[in-house]
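J.: Below: one structure in structure tokens.
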């Protein structure tokens, strides 16, 4: 919420990348709220989260939608950063606000369509065949259809984009060094991108790898719910907690580390304090 309000309140932060950052914060907020909904259902009626029920379709669908939206936003930010660096020396192509708005719209439409497929009929409410043990009444084939391609997208595309950025910066630094120019700016930029990409990879690996492993286990498991209780369901809850940690870590990595956003946040705080003092006087 801090990231969203800060970016909406400052006009000079309404840049293409800022739109993607703000949308990522919205996706993380949406994921946290949908996870809170599932947690309340688990507290009030734990049996429906274990054996499955029609009441779990909507929360799981919204949770899936929010996770997919977060993944697509992370990929979009990586691609945008690569295009911004690769095309920074050219004038024939510039990333505009309309491009970012279109990407945000496409990301949400795709996430809602794939996430709401169980609400459209792709579920196992009426049959026990191929029903998911961890996320009943979802079907195992639906979870495989969602998890495997999106995990590949989430890990492969950011890898190539950030490696591409580092390679481009290093080539330009070598050219400037050969011409006898200062390379301090490119060196600091290269270090910053390398650190950010490492944090991205570690956070994504820690957050989504257990969920992916749970889906693989669900697809190969032939035991019933009772035999797996409670260990597997504790593991399922831990994967949900890790996804929530990812929602908390994204603003720290992508936005709160930026000096511009931090300065604007402090400016907004000082402005609010001055208004309170003026009202008091």
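Using the three backbone atoms N, Cα and C, a Cβ is placed for every residue, glycine included.
Residues or ranges marked as domain 'G-protein coupled receptors family 1 profile' by TrEMBL: 1-254. What TrEMBL lists as transmembrane segment is 17-40, 60-79, 100-122, 142-169, 198-217, 233-256.
Give me the local environment of each listed feature.
T.: Confidence for the domain 'G-protein coupled receptors family 1 profile' (1-254), expressed as mean pLDDT, is 79.
Within the chain carrying the transmembrane segment (100-122), a Cβ under 8 angstroms from the stretch's Cβ atoms is held by residues 16-17, 19-20, 23, 57-58, 60-62, 64-69, 72-73, 76, 80, 137-139, 142, 146, all 6 or more beyond its ends.
Within its own chain, the transmembrane segment (198-217) has Cβ neighbours under 8 Å at 71, 74, 78, 134, 143-144, 147-148, 151, 154-155, 158-159, 162, 232, 235-236, 238-239, 242-243, 245-246, 249-250, 253, counting only residues six or more beyond its boundaries.
For the transmembrane segment (233-256), the residues of the chain that approach it from at least six positions outside its boundaries are 2-3, 7, 21, 24-25, 28-29, 31-32, 35, 38, 42, 49-50, 67, 70, 74, 77, 134-135, 196, 199-200, 203-204, 206-208, 210-211, 214, 262, judged by C-beta separation under 8 angstroms.
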J.: Are there residues at least 6 beyond the ends of the transmembrane segment (142-169) whose Cβ is under 8 Å from a Cβ of it, and what are they?
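T.: Same-chain contacts beyond the ends: 64, 68, 71, 74-75, 78-79, 81-82, 85-86, 114, 117-118, 122-123, 132, 135, 186, 189-190, 193-194, 196-197, 200-201, 204-205, 208, 211-212, 215, 218-219.
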J.: Residue list, the transmembrane segment (60-79) vs rest of chain: Cβ under 8 Å, 6 or more residues beyond ends.
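T.: Distant Cβ neighbours of the transmembrane segment (60-79) are 17, 20-21, 23-24, 27-28, 30-31, 34-35, 37-38, 103-104, 107-108, 110-112, 114-116, 118-119, 135, 138, 146, 150, 153-154, 157-158, 161-162, 200, 204, 208, 243, 246-247, 250, 254.
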